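Note sheet for the following structure.
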Amino acid sequence: MSSGGDPIATTVQERTERSTALGVLKLPGLMPTIIAVAAAFATFSILLPVIPLAVISNGGTESLAGMATGVFMAITVLSQLNTNKAVQCFGYRPVMLVAALLLGLPSLWHIVSFDPVSVLVVAGLRGVGFGALCVAQYSLVGQLVPAGMLGKASGLIGVFVGTSQMLFLPVGLWLIDVGVPMAIVLSLAAAAAFVAAVMCIWIPSVEPEKPQQWTPEMDPATTKVSLRRRVTMRVVRRPRANGMKVTIAPAIALASVSMGFGAVSSFLPASVREADPVSGASVAGMMLSIVGFAQLVSRYISGSIADRQNKAGLGMLPGLALSSLGMLGMCVVLVYSLPFFLLVIAALAFGAGFGLVQNDALLEMFLRVPRERLGSASTVWNASFDAGTGVGAIVLGMVAHAHGYVGAFLVGALLVVIGIVAEVVDRIRRKRALLAAAQQ
């Protein structure tokens, strides 16, 4: 406390100690943030498969359906690149509140029209909201949570987001399958966005930290040994000296699978509904939920393996292979009209592989760059994920229009080969560099 007795004027250390004592769930401002993010992702999850299906059901082409997802993701990436500036100008609470509303409310226009201009404009507005939300949420958590509890807090948000996606990805499709009007489904998504915006009102008014110039004194390696002993080392950092070029290979690997995910999220509902007009949309919704569940589990497993082995990237090649096999499995099930339980296996394989690639790509990027470039590495990861999803939806939408949904999934599986090649070449170059360094 300050000598004047002002309860607000506490030191950073005192605030950290108090927050740690309260526990992760009782950290001031964290619960409203988590609820807001979970509600916003409920909106995202309801609309992600519903919009492309609705476009096709209302007479639009597969190309337009793919472009809806593609424009949404493209604007998401542009929004992510500018969110930090917005936070610096207006603060976290206003940015997240507006982002939540933009993510859901524009979709209500589709009650009036699904014409091509409306589809793309609404997708763009929603992309602004989603991009801002993705960046602001983790940045805000970094401000609210003491350093020693950051891992638990970010993991807790991951659980809430993953659970929200698993629950709400099939909801919109199921409602459509049972005959609920599209206006009700869109209103449900907008209502979830409104709940997220209301929860943002209770987010503390946290002053965002101004960007600082990195100095050697900020690196843990320069701190006293007595202080470093308090920190449990997770994964050994091995930064390289080639700037952001070192993130290219994991970025390509992530984008290659994300392109397939763009096809799965956009066209799996329509393709399964085509095979089973009665309950196909509900089955496809369940498949997307399974993909989300498998991602959640495999990301946790990937992180645990990296912690135990003190090495990142061990799951990258297996993850790429699983993702490709999962999409090939979807093709086989649809072509030969095989039982849908085999589609469950294919969805599990794709989701598990995608989760491994996501986590290992993030760890590889973080461990290859200096600490002052971690923010840039995070942006590269987000951009690779979202741009890959958007490009995949557009390109594979064109393939679906020309050669059917099976053709889109097949091309998506083949695109993963690009990621495998990038990863193998990167490993060969790393091994050569190590040998050259050892001989000097």
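Note: Cβ is positioned from N, Cα and C throughout, glycine not excepted.
Copied over from TrEMBL, here are the features:
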DOMAIN    21-431  domain 'Major facilitator superfamily (MFS) profile'
TRANSMEM  34-57  transmembrane segment
TRANSMEM  63-83  transmembrane segment
TRANSMEM  95-112  transmembrane segment
TRANSMEM  118-141  transmembrane segment
TRANSMEM  153-176  transmembrane segment
TRANSMEM  182-203  transmembrane segment
TRANSMEM  246-268  transmembrane segment
TRANSMEM  280-301  transmembrane segment
TRANSMEM  313-335  transmembrane segment
TRANSMEM  341-358  transmembrane segment
TRANSMEM  405-425  transmembrane segment
Stretch of maximal Cβ-Cβ contact with the transmembrane segment (280-301) [cut-off: under 8 Å; candidates 95-112, 118-141, 182-203, 246-268, 313-335]: 246-268
Beyond the flanks of the transmembrane segment (246-268) by 6 or more, those residues with Cβ under 8 Å of it: 48-49, 52, 62, 65-66, 68-70, 73, 240, 284, 287-288, 291, 313, 316, 319-320, 323-324, 327, 330, 350, 353-354, 357-358, 360-362, 364-365, 368-369, 377, 380-381, 383-397, 400, 405, 408-409, 411-413, 415-420, 422-423, 425-426
The transmembrane segment (313-335) in contact with the transmembrane segment (34-57), cutoff 8 A, at least 3 CB pairs, sep 6+: no
Contact check, the transmembrane segment (153-176) vs the transmembrane segment (34-57), 3+ Cβ pairs under 8 Å, seq sep 6+: yes
